[in-house]
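What TrEMBL annotates here:
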TRANSMEM  B:32-56  transmembrane segment
TRANSMEM  B:76-93  transmembrane segment
TRANSMEM  B:114-139  transmembrane segment
TRANSMEM  B:151-171  transmembrane segment
Amino acid sequence: MAAGLKTVILLSFVLAVGFLLIILSCALWANWLPLLVALTFVLAPLPNALFAHCGGDEFSAHESTAAVDLGRFITATIVVTGFALPVVLTHSEVIKPAACVMSIIGGGLVYSTIMAYTAAFRQDYSEFD
Amino acid sequence: MSFPRSSYDPRRVCLNPFPEFNLGKHRRTIGIYLAGALFALANWTFLDAAILSAHAHPPYDEPQIPPPVHVAFVDWVPGICSLLGMLIINLIDKDRIKGDDGFGDPGAVWRARLFLFIGFAFMAGGLAGSVSLLVLKYIMHDYPEQYTYYGYANVSQNVALMLSAVVLWIAQSVHEEYDYQLSL
C-alpha cells in the first residue's frame, strides 16, 4: 500500500521535527521544564482512546454515555494545559519567550501527528465492522 | 374569572426551563470539548497568578522594597468553591430534575433539586468571593497594576469556571434524535 507508506514516512518525519523543536527549546537554555509539554501532548489522546469503547452498542448512534463525555472533557483539558504551560512559565520568567514559542510549535506538531495518524488509519479497520 | 391552565406544576417556585436545543449531530461533542478547554483555561489563569506571585521580585529601580502582596490561601478559596459547585452540578442526573416522577420515589426529585441549588450556590459564592477578594485585598490598597493582576486573574478564573459549567450543562441536555444505525 504505497499511499499508506508515504503517509507513515511523512508523519514520522513531522513527529521527529516536533520532538526536535521541544528538545531544542529545553537544551538551548539548559532548562528542561518545557519537556513537560511533550509529555502532556503525548498523554492528550489517551483519555479519548480509553473511554471510546465505553460508548453505546452498535445499534444506537448515541455514543453519548457519561464515560465518553468524561474522556472528551479530560482530553480538551490536557490539550489546553499543553498550550498554557509554556505561556505560564514564560510569564513568570522561568523560561525564555523563544523557548515558549518553540515548545508550543513542537507540541502542536506532535499532537497533530497523533491526530492525523488516527484519522488516516481509522478507515482501514472500520471496513470490517 | 379563572386563570388559564398553566403548562407547568404551579406549586414549583423555581422553574428551570430546559430550552429544547435541537442542534446538529456534533454540537454535543463540540460543547463538551469547549467546556473542558474553558475549565483548563480557568485553572491555568489562576495558576499563572500563583506562579507569578511565587517568582515575584522587587522592582529593578528600587531593589530594597519587597513585593507588597502575595497569593495566599485566601485566594485559592473562591476557586475551590467554584470547583465544588461544578462537581455537584455535574453529578446530578439531569432527568431527575425535570420532575417526571413516573418512576422512583418522588422524594428523589426534591433532593436532586436541593443539591442543584447547593451546587449553584457554591458557584455563585465562588464568583462573589473572588470579586470581593479583588476589591478588598487588591483594589482598596492601591497596589500597582502588577499586583492587582492577581485579583483579576481570580475573577476571570471563576467566570470561566461558571461558563464551563453552563456550556457543559447545555451540551449535555441537547436532545439527539434517536436514530438507529442498522449496518447490514
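The chain as shown is numbered from 1 upward.
Cβ from N, Cα, C; glycine included.
When each of B:32-56, B:76-93, B:151-171 is checked for Cβ pairs under 8 Å to the transmembrane segment (B:114-139), B:76-93 comes out on top. Packing against the transmembrane segment (B:76-93) from elsewhere in the chain are residues 39, 42-43, 46, 50, 112, 115-116, 118-127, 129-130, 133, 154, 157-158, 161-162, 164-165, 168-169: each is 6 or more residues past its ends and has a CB under 8 Å from a CB in it. Under 8 Å from some Cβ of the transmembrane segment (B:32-56) lie the Cβ atoms of residues 67, 70-71, 75-76, 79, 86, 149-150, 153-154, 156-161, 163-165, 167-168, 171-172, all in the same chain and six or more residues away from its ends.
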